[in-house]
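Asker: According to Swiss-Prot, the protein has these features:
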BINDING   GLY45, VAL46, THR47, GLY48, SER49, GLY50, LYS51, THR52  ATP binding site
DOMAIN    32-417  domain 'Helicase ATP-binding'
DOMAIN    436-602  domain 'Helicase C-terminal'
DOMAIN    634-669  domain 'UVR'
MOTIF     98-121  motif 'Beta-hairpin'
Amino acid sequence: MEVIQYPNSPFKLHQPFPPAGDQPTAIAGLLEGLSDGLAYQTLLGVTGSGKTYTMANVIAQSGRPAIIMAHNKTLAAQLYAEMREFFPENAVEYFVSYYDYYQPEAYVPSRDLFIEKDSAINEHIEQMRLSATKNLMTRNDVIIVATVSAIYGIGDPTEYQQMVLSVKEGDTIEQRDIIATLVSMQYERGDLDFKRGSFRVRGDVIDVYPAESSENALRISLFDDEIDRLDMFDPLSGSLIQRVGRYTVFPSSHYVTPRDTVLRACESIKEELRERIEFFAREQRPVEQQRIEQRTRFDLEMLYEMGFCKGIENYSRHFSGKKEGEPPPTLMDYLPDNAIMFIDESHVTVTQIGGMYKGDASRKQNLVDYGFRLPSARDNRPLKFHEFEKVMPQTIFVSATPAKYEEEHAGQVVEQVVRPTGLVDPQIIIRPVATQVDDLMSEINDRIEKGERVLVTTLTKRMAEQLTDYYSELGIKVRYLHSDIDTVERVEIIRDLRLGLFDVLVGINLLREGLDIPEVSLVAILDADKEGFLRSHRSLIQTIGRAARNVNGVAILYADKITDSMKAAIDETERRREKQIKFNEEQGIVPQQIKKQVKDIIDGVYHEEDGSKGRLKGKNKVKVGEIHNEEDAIKEIAKLEKAMQQAARDLQFEEAAVLRDRIRDIKENLLFGAE
């Protein structure tokens, strides 16, 4: 492993091997585009060509902070794990939604049903979010891996920075002033329960457990009114780690606000409330008039007394001082001016970013219309797409199949078609639809004999289920991947396929970007000639690419005619194959099969979340004694949580509460080391 630091770059790249294939030219091309000031570029990188490694090299050589956007938590976790391996000495951060479970506030007029906001916050993810913003403000060697959570409103960066507590050995400051500052930063005093986001006082010593810290706490030792020494210590064992000359404690929430800002916001909220009460009075809607007055006055009382209230984000416009309709502050406002943005799998992510605002707006409108929220609540929202475009730094779109937006905006397209391993795109074979099930059966048997795996994609859920049942009856080990399966279970199914616990995976939308299964040597696309979203040329290229990580990779398209989408996908795949084969011949490269260790792609990130990804009916409860280890506990929690969410959706709140308590028992007794 070679460690490389380029001139004027704060990044130390741990390079397992030098760039190969198309990587060197792609890296040089992207760096040239950045230095030429191109606002948008596209990295057209085929499956398995090492796009993440190329991104890491561009970041290391440019020396600029970076944000990498992904379209789901699984892909973000995969990128985060890889970037941490490339940059273990730099600040690689993870910024995704910190909700394990989130039921937004909503009102259903037809049933006169108001649904209170309910959520379960994952403390580990919250700590990582706070760590991300802290490092953006204090370091220049930062890489943030984020989902669309980055375009949702968080606290204003200017006010967030005003609320820090900076301490230095030798400073003169009274103990009560330190305590008052910590309380205003929403730290809790916890002399008995010392946890993240709390502090405790013992004589002249104040221990602070910073909200963004995953393992170390700060000890402030005072002598009279002077800071005598500062030490970092292990909050679990109490052992000292190192003495520090100075330290900056950041707020325990992104929504912390100075007292004068809170008071100013309260006056502004009162004014809006008065206008809203008058509006409902004119409209002769006494129920809504009473509702908005009662709810808002309660929130105002909490703000005056505590400085925050439940649902404080709905008043964010009053706190930030922005005008109606102006974009809220987001993570994008924390980025330094010289940052670079990578949008991974941009053909999906760009569309996803564009769709976030409208879904949020329609729900908020009902709350406003029926007096549950003031109209300013509509400004607590994700960015609209044109607002996102305005705050985008220099951007590199990364995709094997760039969409129309990238094609229209990219100043240049850099191709990364040749893989470092010498693997070429799979050979495409077209066969008739009439015999597709039986023909595929014989192909599957061939692959099973060789110890290889098969992906089968169908058009409908019914077809997928019938095919799975049919092959299963014939003795083939087959599983069906469908939309009801949550993120963690999906990762487990893919891991089981790689381990050979079953040989065939059937699904409807198996083009899932980032699906990395080197053992798959055959991708079968049934009814490939039916035009539509699942059989568009981009979907076909993505699906065919799932076999590109295997030296014997083949894609069989079952079709009676060649559609425009099929032709485009076949032509593009053949173009890439020709280029790859030619390069291999010129360089004397023999394609090498990828041998990739089977492990959880989300090591270090998702195990914290495993305990909150799915739920099981109360009647299926398992006694604590039947759970023997942490792995059993995690699986049991996953089942219980799936059932809890379903019970909540079915309005079976008593059952949901029982399941919630059961989950808490397992976590306390097993996951956190009961005696």
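Each residue, glycine too, has its Cβ placed from N, Cα and C.
Map these features onto the structure and tell me what's around them.
Answerer: Around the Cβ of GLY45 (ATP binding site), the same chain contributes ALA26, LYS51, THR54, VAL398, SER399, ALA400, GLU415, GLN416, VAL417, each under 8 angstroms and 6 or more positions distant in sequence.
Helix, strand and coil counts from DSSP across the domain 'UVR' (634-669) read 33 helix, 0 strand, 3 coil.
In the predicted structure, the motif 'Beta-hairpin' (98-121) carries a mean pLDDT of 75.
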Asker: For the motif 'Beta-hairpin' (98-121), what does DSSP give as the number of helix, strand and coil residues?
Answerer: 3 helix, 15 strand, 6 coil
Asker: Is it possible to get the count of other C-beta atoms within 10 angstroms of the C-beta of THR52 (ATP binding site)?
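Answerer: Neighbour count, Cβ to Cβ under the 10 Å cut-off: 21.
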Asker: Taking DSSP three-state, what's GLY48 (ATP binding site) in: helix, strand or coil?
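Answerer: Note: GLY48 (ATP binding site) is coil by DSSP, not helix or strand.
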Asker: Among THR47, SER49, all listed as binding-site residues, which has the most CB atoms within 10 Å of its CB?
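Answerer: Its Cβ has the most other Cβ atoms within 10 Å: SER49.
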Asker: List the residues of the same chain that sit at least 6 positions away from VAL46 (ATP binding site) in sequence and have their Cβ under 8 Å from its Cβ, in sequence order, or write 'none'.
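Answerer: Within the chain, VAL46 (ATP binding site) has Cβ neighbours under 8 Å at ALA400, GLN416, VAL417, ARG419, ASP425, GLY545, ALA548, ARG576.
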Asker: Does GLY48 (ATP binding site) have same-chain partners at least 6 apart in sequence with Cβ under 8 Å from its own Cβ, and which are they?
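Answerer: Non-local contacts for GLY48 (ATP binding site): ARG419, THR421, LEU423, GLY545, ALA548, ARG549, ILE594.
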